[in-house]
Amino acid sequence: MTQDELKQKVAYAALKYVKNVPIIGVGTGSTVNHFITYLADIKADIEGAVSSSEGSTALLKKLGIPVLDLNAVGTIEVYVDGADEINPLKQLVKGGGGALTREKIIAAASKTFVCIADGSKCVDVLGKFPLPVEVVPMARSFVAREIVKLGGQPVWRDFITDNHNHILDVHNLDIRDAIKWEQTINNITGVVAVGIFGMRPADVVLVSQGDEVVTL
Ligand SMILES: O=C(CO)[C@H](O)[C@H](O)COP(=O)(O)O
């Protein structure tokens, strides 16, 4: 199976977690795009989705799924999103698609976070995937220097986020204590969000490996 077929398979498996769930939180990325496509098949049964990015919003609308404002809905029952890395504690690195801030907000506002990924995303220690950090543009160089002091190598991504901010992709981190790293980077003034989901890990991780989808 190709990586995209694995993504499609795991996206399908997530459908059982949104049965009888009227409002669904929806993440961002190629795996989630498959999930949105499947969600369109059951759109008559749902009220709508809360979206984590302009990209997901566009696809949801194109497929006729109502997009709801997080401010207008209560707690979200289920949030479905992908990941760039997943450790055995279900802590994640996310933000490869640059949507980490809104993804973190929806994850925080959700009862159950279902993470969907192909097997290549599972790691023992987070940090091989360059860690995305969203920063206020004027703070970019300052935050980069602070991250260098912590041992990271920040690289400015040529990208503007949906919140009109910049992204630093931080190489060379060994994220064994995910919560400590999350708090440390969060505490740098000018950081909007760091792509470590340590304090709010996934509740369920679905991983497609070969022919099967494994639940962690
Ligand atoms: O965090 C993300 C976007 O900000 C994505 O979930 C992550 O990058 C995985 O993407 P894909 O499903 O395309 O592999």
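All residue numbers here begin at 1 and follow the chain in the order shown.
Just so you know, glycine gets a Cβ as well, placed from its N, Cα and C.
TrEMBL names T28, G29, S30, T31, D81, G82, A83, D84, K94, G95, G96, G97 as substrate ligands; from the candidate set K9, K61, K121, the record adds K121 to that same site. Sequence-distant contacts (6 or more apart, same chain, Cβ under 8 Å) of D81 (substrate binding site) comprise G25, V26, G27, T28, G29, V32, S52, K94, E103, I106, A107, F113, V114, C115, I116. With a 10 A radius on its CB, G96 (substrate binding site) counts 20 other CB atoms from all the protein chains. Across T28, G29, S30, T31, D81, G82, A83, D84, K94, G95, G96, G97, K121, which the record gives as binding substrate, the greatest C-alpha separation is 15 Å. Least crowded of the binding-site residues (T28, S30), judged by neighbouring Cβ atoms within 10 Å of its own Cβ: S30.
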